[in-house]
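Data first, discussion second: the structure below is written as structure tokens.
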Amino acid sequence: MGKIENNERVILNVGGTRHETYRSTLKTLPGTRLALLASSEPQGDCLTAAGDKLQPLPPPLSPPPRPPPLSPVPSGCFEGGAGNCSSHGGNGSDHPGGGREFFFDRHPGVFAYVLNYYRTGKLHCPADVCGPLFEEELAFWGIDETDVEPCCWMTYRQHRDAEEALDIFETPDLIGGDPGDDEDLGGKRLGIEDAAGLGGPDGKSGRWRKLQPRMWALFEDPYSSRAARFIAFASLFFILVSITTFCLETHEAFNIVKNKTEPVINGTSAVLQYEIETDPALTYVEGVCVVWFTFEFLVRIVFSPNKLEFIKNLLNIIDFVAILPFYLEVGLSGLSSKAAKDVLGFLRVVRFVRILRIFKLTRHFVGLRVLGHTLRASTNEFLLLIIFLALGVLIFATMIYYAERVGAQPNDPSASEHTQFKNIPIGFWWAVVTMTTLGYGDMYPQTWSGMLVGALCALAGVLTIAMPVPVIVNNFGMYYSLAMAKQKLPRKRKKHIPPAPLASSPTFCKTELNMACNSTQSDTCLGKENRLLEHNRSVLSGDDSTGSEPPLSPPERLPIRRSSTRDKNRRGETCFLLTTGDYTCASDGGIRKGYEKSRSLNNIAGLAGNALRLSPVTSPYNSPCPLRRSRSPIPSIL
């Protein structure tokens, strides 16, 4: 019995942390990575994430020496960033306890929650782990994210809201240094495609591609350079001057009254006509501001990477509408016809659009952008507040109308002598003023019943307004903290990653460290493996690498394999599958209590030919070179 129990035990070494459990525990979630691992033989074949079948690894010709205790555990197969997995002991088990040990190069802290899900049937999200990391680990272990318990779902979803908010507050990713880095990154950030060779013999296209992102950042991004900051301060100065001029034009000290009476020939009487004209000094100041706004608008539209998006922008529309009336007014001021005067009167009314230039400050102040995004994100809360107020206004306006009529005098049936609430629509105004705690005092109840209704209306208004306000404040705090964090992020520089050598290259297996490349097991040399590993890591991390060597052909992209005649005798069992095929639940692997609502289990349990659909964290990765296969005495199971 002890031997059978030891054979049923499995030791999972995840990132150096060992976890011990039973195979039956791992089989409680069929179709997941650990369930398929527990159901298959250790000597079974391995399937990659793309479904390619790997040849199993034969044991070495001679027993290799064990690594020292402080040396890292040799890695297993490395497929597209899926993680490393190794099985200790070959056919047998070299663990003193008798159980088999498998190594996964994954996050050990998250795996504790994953293993607890196999044991209890409840998947909880750790509060001290970043959301994308936990999401990636769930995808690796083959667990559906919808299995997360409701108590942890908000914690799990927080990272997605944060990522969406961070995408809103864009900051420049360029720094000084290599000029090529700025040009390439600036072109990508502005949406300008990198089209080498478009520049003609005279190089006009090349100069335009260099000038366009710089000029656009100069007028659009005040944090890109010192010159951009100077432009931003100048724009801010003219905005404030224009708004100040607009306000001073309404003051009587800057208004000049002129007599426009025209004598009529053979007329018996004359009608005096007066017009109010603005002080010419304010007109000149406004003209200087309009010239600056016109210059800024033309430069931005010329160097805009996307003209259509520029025209559709609300702030740009406000700029155009605020600039156009000034030129029309100057052009029509010399005309004396009645139609021209009517148009001038209309243009003077339209000039109030200039006050909307204050919204241009959102380009320069993060706090204003945060406020705008907060109002946009709190639309549901504002709608809820309006509904609550509308219900309260309707209820209390009706109550105050009938409450005031209760105390009416017998000789005043309409109650118009002792109260101002003559009808319910008039009570709407009183209810709004009372619920918002303004209390103008123009309308107030005069009977004891009306006073009671007024007190209830004031209390209900305080509670109604106070309920959605904390949600709006929390949204503002979240957006503001994320905006500040986005601004303090270190600026990125484009890194140069050397290309991986081709198999046909004379330097394919050479290393500067003079490492030995003589392998009796048809292994690749360590120098080549290190170089390929660096290249694979750079590609997986999202860095771009350029090279003059042609891409690999499809056969060359296949992982490096070991050839052995023993492969024919291996059983065709899998270690990990992304498609279940004709997989069915094991006869002895019943569903435990607590797993009935598991979507990971319901997607495949008892079904044949259905696919295990996992939401990938990243897009499928096609390696431009053979992936790393290290020399290890431990046979790979993944």
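Heads up, residue numbers simply count up from 1 along the chain you see.
Any Cβ shown, glycine's included, is placed from N, Cα and C.
Note that the structure is a prediction, hence the values are computed from the model and not measured.
Here Swiss-Prot flags 1-229 (among others) as topological domain 'Cytoplasmic'. Summarised as a single figure, the pLDDT of the topological domain 'Cytoplasmic' (1-229) averages 67.
Look at Swiss-Prot and you will find 56-72 tagged as compositional bias 'Pro residues'.
Sequence annotations record features per position, and here Swiss-Prot assigns transmembrane segment to 230-248 (among others). For the transmembrane segment (230-248), same-chain residues at least 6 beyond its ends with a Cβ under 8 Å from one of its own Cβ atoms are 218-219, 222, 254, 282, 285-286, 288-290, 292-293, 296, 351-352, 354-355, 357-358, 360-361, 363-364.
Annotation source Swiss-Prot lists N-linked glycosylation site at Asn259 (among others), citing sequence analysis.
The N-linked glycosylation site annotation in Swiss-Prot covers Asn266 (among others).
Per Swiss-Prot, the feature transmembrane segment maps to 284-303 (among others); the stated evidence is sequence analysis. Within its own chain, the transmembrane segment (284-303) has Cβ neighbours under 8 Å at 211-212, 215-216, 219-220, 234-235, 238, 241-242, 245-246, 310-311, 316, 319-320, 322-323, 326-327, 330, 357, counting only residues six or more beyond its boundaries.
For 304-314 (among others), the entry in Swiss-Prot reads topological domain 'Cytoplasmic', with the evidence type sequence analysis.
Counting same-chain residues at least six beyond the ends of the transmembrane segment (315-337), those with a Cβ under 8 angstroms from any Cβ of the stretch are 286-287, 290, 293-294, 297, 300-301, 343-344, 347-348, 350-351, 353-354, 356-357, 359-360, 362-363. Swiss-Prot lists 315-337 (among others) with the feature transmembrane segment, giving sequence analysis as the kind of evidence.
Under the heading transmembrane segment, Swiss-Prot lists 346-368 (among others), citing sequence analysis as support.
As annotated by Swiss-Prot, topological domain 'Cytoplasmic' applies to 369-381 (among others), with the evidence given as sequence analysis.
Long-range contacts of the transmembrane segment (382-401) within its own chain (CB-CB distance under 8 A, at least 6 residues past either end) are made by residues 375, 421, 423-425, 427-428, 430-432, 434-436, 445, 450, 453-454, 456-457, 460-461, 464-465, 467-468, 472. Summarising the annotation, Swiss-Prot assigns transmembrane segment to 382-401 (among others).
Secondary structure from DSSP puts Gly439 (K(+) binding site) in coil. Gly439 (K(+) binding site) has a Cβ environment of 13 other Cβ atoms inside 10 Å. If you look up Swiss-Prot, you'll see Thr437, Leu438, Gly439, Tyr440 marked as K(+) binding site.
Taking Cβ pairs closer than 8 Å, the motif 'Selectivity filter' (437-442) reaches residues 458, 461-462 in its own chain, all 6 or more past its ends. Swiss-Prot lists 437-442 with the feature motif 'Selectivity filter'.
What Swiss-Prot lists as transmembrane segment is 451-473 (among others), and the listing cites sequence analysis. Sequence-distant contacts of the transmembrane segment (451-473), counting only residues of its own chain at least 6 positions beyond either end whose CB sits under 8 Å from a CB of the stretch, comprise 374, 378, 381-382, 384-385, 388-389, 392, 396, 399-400, 403, 431, 434-437, 444-445.
Look at Swiss-Prot and you will find 474-638 (among others) tagged as topological domain 'Cytoplasmic'.
Note: the K(+) site is recorded as Thr437, Leu438, Gly439, Tyr440; in the same chain, Val433, Thr434, Thr436, Gly441 also have Cβ atoms within 8 Å of that site's Cβ centroid. For Leu438 (K(+) binding site), no same-chain residue 6+ apart in sequence has a C-beta under 8 angstroms from its C-beta. All protein chains included, Thr437 (K(+) binding site) registers 10 other Cβ atoms within 10 Å of its own Cβ. In the shown protein chains, 10 other C-beta atoms lie within 10 A of the C-beta of Tyr440 (K(+) binding site).
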